[in-house]
Amino acid sequence: MNALVPLPVILPLLGAGLTLMLSRRPGLQRAVSTTVLAVVVVVAAILVYQADQHGPQVIAIGAWQESLGISLVADRLSAVMLLVSAIVTLAVLVYSIGQGMTGDEHETPVTIYHPTFLVLSAGVSNAFLAGDLFNLFVSFEILLFASYVLLTLGGTGARIRAGTIYVVVNVLSSSLFLISLAAVYAATGSLNLAQLAGRLDDLPGSVALLLQLLLLTTFAIKAAVFPLSFWLPDSYPTAPAPVTAVFAGLLTKVGVYAIIRTQTLLFPDSPLTDLLLWAALLTLVVGILGAVAQTEMKRMLSFTLVSHIGYMVFGIALGTMAGYSGAIFYVVHHITIQTALFLVLGLIERQAGSTSLIKLGGLARYAPLLAVLYFVPAMNLAGIPPMSGFLGKVALTEGGLQVGTPLAYTVVAAGMVTSLLTLYAVAKAWNLAFWRTPGQAHEMAQELSDPTGWPGSREVVQHRGHVHVGANTFGARDLDEARSILDEDDDSHQDFHQRIEAGTVPSRLPRTMVGATAALIAFSLALTVAAGPVFDYTGRAARDILDRGIYVSSVLGEGSR
Amino acid sequence: MSTSLSLILAAAAMIGCGVYLILERSLTRVLVGLVMLGNGVNLLFLISSGPAGRAPIVGGGDGAMSDPLPQALVLTAIVISLATTAFILAMAYRSWQLTGGDNVQDDVEDAAIRRLALTDQASDSFDLSRQGDADDDLDVPEEEGRPA
């Protein structure tokens with residue numbers, strides 16, 4: 001019994017109510033939500049310590065008997081997910097306060113931003129702590145509802161278009177989740193994870209396999225595992241920058257967490273290694289090929305997000321201690337780094353008015369700090385030694401080589417290729433957005449706007465509906481964009497060069513935004529420095545989840561193992 | 001455990017109709033589909049609670065009592081689907097305000113690929129005379145009823 005366990009859920013929910021009441025006092029609203037999330041970080045840190053020292057921390061809500069009521073459980077895995085997610089949400093909240101909530105107040109009702117954000121945080125915490133499947137479903141709904149609102153903030157055309165797909169896909173996956181819950185309950189008469197761990201073993205193999213596949217499909221939609229990842233790159237980029245950042249960091253990882261939890265606790269004897277390895281392979285390769293083709297940085301990062309989910313699925317698919325340990329480390333690394341990168345994109349948008357590679361150029365000279373803030377997490381994402389991305393990939397590779405089946409070797413190779421292609425994608429963005437001058441960017445836009453008008457230029461080649469300029473390829477959408485830049489009558493599509501000419505570039509960025517981003521990047525570097533202890537911890541977490549007796553006996557009491 | 005076949009058939013029919021409607025382009029029809037799907041799933045929970053006609057769980061008793069938990073789960077699911085319905089309705093209305101229709105629009109990537117196919121002169125497999133699909137998006141009512 002530990003009264004701290006429910007606090008990461010209760011506090012943000014209370015905070016949400018309070019901030020809703022304070023909607024006319026923005027100052028107080030900010031103070032309340034920042035305080036609440038800071039307290040959640042502290043609570044989560046204490047939980048990590050307690051779970052590590054004294055085993056899983058459990059509370060039975062309402063003091064109901066263990067098997068009847070709802071229990072919240074914080075074991076090593078839950079606690080570390082909780083801590084990282086709390087740190088990331090706090091950083092994003094501070095960032096969005098610096099930005100003036102979402103950066104587009106003229107089309108966004110700001111009063112609901114703070115309450116919704118806190119509800120999202122409560123839903124994510126509840127998902128990590130849930131000790132039974134129905135509570136997991138409810139927490140998914142809590143965080144999804146908050147995400148529906150945040151994704152369609154302001155109801156602009158693009159957000160409604162993206163939101164429609166997002167909402168329908170997620171409602172569908174929730175229905176699938178409910179179907180699996182009904183099936184699990186009909187088969188076992190319980191939804192408590194610890195009880196299920198024992199009861200599912202007694203089921204006929206085919207029934208258990210059906211339940212496992214139902215749950216896996218549900219969580220694979222949430223985690224954006226190929227081929228169920230189609231919805232993600234289309235819906236994330238339209239939201240305000242901080243919203244995209246927190247979605248990219250947390251929401252897919254909640255799905256990954258749910259996969260880890262159900263795979264280890266409920267179905268340890270049937271890891272479906274081959275199926276998951278294939279899913280990991282395809283997620284890695286298809287995702288990164290999508291990223292390489294993008295000329296919009298937000299879309300590019302959304303595709304790398306899908307792709308790197310493949311690494312975590314790879315670790316889960318191996319089903320070994322090394323695999324789980326690597327997967328947990330990679331989740332921690334990826335939550336931090338992906339959020340940091342999206343926050344940097346928000347800064348770029350603020351500085352240069354766009355995140356399109358057609359419009360950007362010369363940022364390294366005009367905003368050197370911004371360049372550093374982009375470069376470090378981008379290299380970390382690609383896995384350049386000695387950063388945490390590299391260490392996570394090494395751990396997963398070692399795990400794959402230990403298993404040593406041909407398919408595992410293939411996925412390891414695909415992981416290497418993905419790492420290189422990630423480097424290519426982020427380096428392409430670096431070259432175009434940061435390294436060339438704004439003038440060069442403008443010239444390229446001119447060439448693109450009329451590719452046939454430059455017969456003398458060896459660099460511009462038109463070919464089957466797209467245009468090659470040097471080593472870069474641009475599609476029809478990019479040509480339209482280039483034309484809109486050069487449209488004299490339309491000031492809404494200016495590139496960075498034109499903005500500098502017009503003098504509309506902000507001279508400096510808000511300090512809180514830069515500070516929050518820098519803090520998150522510093523945290524990711526700290527993960528690199530402290531990688532030894534962190535790996536020890538994830539190793540212990542992996543050992544815990546592989547020996548499910550620890551979880552079961554701490555929830556149901558000794559003697560029930 | 002014996003279960004009622006009629007409940008299973010009803011759930012299957014509702015889920016089937018729901019899935020069919022979700023494949024439609026109009027968001028309102030998708031919404032009706034989601035509601036039918038949700039109700040079909042709720043029937044599944046009733047099936048999992050065992051046969052009907054048992055005593056409710058009040059006080060003690062020796063006979064078989066009905067399981068109250070699935071009903072509690074269904075209630076939660078109903079509340080959640082009510083909220084979902086309200087949200088999607090609001091979105092459909094907003095979509096109608098913005099575009100004059102509530103058709104689900106194309107994925108950006110899909111649209112780009114289709115444009116690529118349309119401009120791809122080198123491909124013989126793509127028949128330019130059959131571009132019917134490309135006009136689907138334009139098949140929305142005129143914007144006469146649109147508020148200013």
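One is the number of the first residue shown, and numbering goes on along the chain from there.
Even glycines carry a Cβ here, placed using N, Cα and C.
The domain 'NADH-Ubiquinone oxidoreductase (complex I) chain 5 N-terminal' annotation in TrEMBL covers A:68-98. The annotation domain 'NADH:quinone oxidoreductase/Mrp antiporter transmembrane' is assigned in TrEMBL to A:130-421. TrEMBL lists A:6-23, A:30-49, A:77-98, A:134-153, A:165-187, A:207-232, A:239-260, A:275-293, A:300-321, A:369-387, A:407-427, A:514-535 (among others) with the feature transmembrane segment.
The average pLDDT the prediction assigns to the domain 'NADH-Ubiquinone oxidoreductase (complex I) chain 5 N-terminal' (A:68-98) is 89.
Listed by sequence, the residues of this chain that lie at least six past the ends of the transmembrane segment (A:77-98) yet keep a Cβ under 8 A from its Cβ atoms are 8, 30, 33-34, 37-38, 40-41, 43-45, 47-48, 50-52, 57, 113, 117, 120-121, 124-125, 128-129, 240, 242, 245-246, 249-250, 253, 257, 260-261, 328, 331-332, 335-336, 339, 343, 346, 510-517, 519-520, 523, 537-538, 541, 544-545. Look at the domain 'NADH-Ubiquinone oxidoreductase (complex I) chain 5 N-terminal' (A:68-98): DSSP puts its residues at 23 helix, 4 strand, 4 coil. The recorded stretches the transmembrane segment (A:30-49) and the transmembrane segment (A:6-23) share 3+ CB pairs below 8 A when only pairs 6 or more apart in sequence are counted, and are therefore in contact.
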